[in-house]
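Read the structure below first, then the notes.
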Amino acid sequence: MSVLLIDIGNTRIKWQTRQRGEILAEGHVDKNKAPHYAWPDSIDEVAVSSVSTNEELRELFNARYGNRLRWIANPVEGHAGFHHCYAEPKRLGVDRWLAMLGARAVFNDDLLVVDAGTALTLDLLDKTNQHLGGYIVPGIQMAQRALFGGTDRVRPFSDEQHDTNLAPGKSTVACVKAGVLHQQVALVKSVAENHKDFRLVVTGGDGAQLADWLDSGYYPNLIFDGMELLCAG
Ligand SMILES: Nc1ncnc2c1ncn2[C@@H]1O[C@H](COP(=O)(O)OP(=O)(O)O)[C@@H](O)[C@H]1O
Ligand SMILES: CC(C)(COP(=O)(O)O)[C@@H](O)C(=O)NCCC(=O)O
Ligand SMILES: [K+]
């Protein structure tokens with residue numbers, strides 16, 4: 001049984017094809033290029049998780065995959081021993097929920113699941129699968145854009161591009177890049193410090209960059225792992 005797993009985030013679409021847990025192929029595409037993208041076809045089942053309300057994409061995948069398609073827009077309440085803490089569980093981002101399910105498949109510990117995408121999310125899941133809550137802040141790109149877009153003189157000067165690290169910046173761009181990265185690393189460290197027994201697990205498009213500055217592994221496939229588990233029942 002082959003499955004196509006598609007994760008629609010606020011910035012881009014990621015996909016993988018899998019057979020019994022083995023990754024056969026993967027890719028990513030900007031949302032606006034999705035209609036003209038060469039989507040895999042010889043597939044038994046397709047699951048799409050989406051945090052973006054996008055009827056065009058839904059119609060696209062519906063037309064392409066018909067009754068093979070399962071659309072996951074919200075966490076499934078009462079799923080396999082997972083306990084929500086939101087009064088309205090459907091409001092929890094389905095990507096956060098799937099990343100927690102995916103992380104649980106790998107680790108039995110208390111978990112701090114960090115997803116560095118458009119937004120940076122941090123979620124605490126204890127050993128009994130009780131979601132204790134989390135944090136949402138702008139992700140790296142969004143935080144930088146807020147500064148460049150919301151001020152007159154903090155500009156993305158093209159003659160100031162360079163590698164990013166946590167050292168104090170010596171140009172506008174360096175100050176913004178180092179500042180935003182430092183802020184994100186410091187937030188994760190601070191939450192981890194307050195939950196010392198929780199294992200830190202990092203995923204998301206900017207997760208590898210973040211994990212470099214943290215005492216943590218990078219697990220790029222947590223959302224897909226969660227989706228595959230959900231599809232398996
Ligand atoms: N090939 C890529 N294309 C676009 N963004 C990328 C790519 N590789 C890494 N990134 C980073 O990943 C971030 C998006 O992460 P992702 O987890 O895909 O977000 P979302 O799920 O919110 O769409 C971007 O802000 C960018 O910094
Ligand atoms: C927080 C998010 C925007 C993160 O999305 P992403 O960065 O992966 O695009 C998404 O999980 C979402 O829309 N959540 C709904 C609100 C909530 O989780 O409470
Ligand atoms: K995220």
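Here the Cβ of each residue, glycine as well, is placed from N, Cα and C on the backbone.
Checking the candidates T53, T118 against TrEMBL: the one annotated together with D7, I8, G9, N10, T11, R12, I13, K14 at the ATP site is T118.
For T172 (substrate binding site), the same-chain residues that are 6 or more apart in sequence and have a Cβ closer than 8 Å to its Cβ are R153, V154, R155, F157, E160.
Using a 10 angstroms CA-CA radius around D115 (K(+) binding site), the binding-site residues that qualify from D7, T11, I13, Y86, V94, R96 are R96. The ATP site is set by D7, I8, G9, N10, T11, R12, I13, K14, T118; from the centre of their CB atoms, other residues of the chain with a CB within 8 Å are K31, V51, S52, G117, G205.
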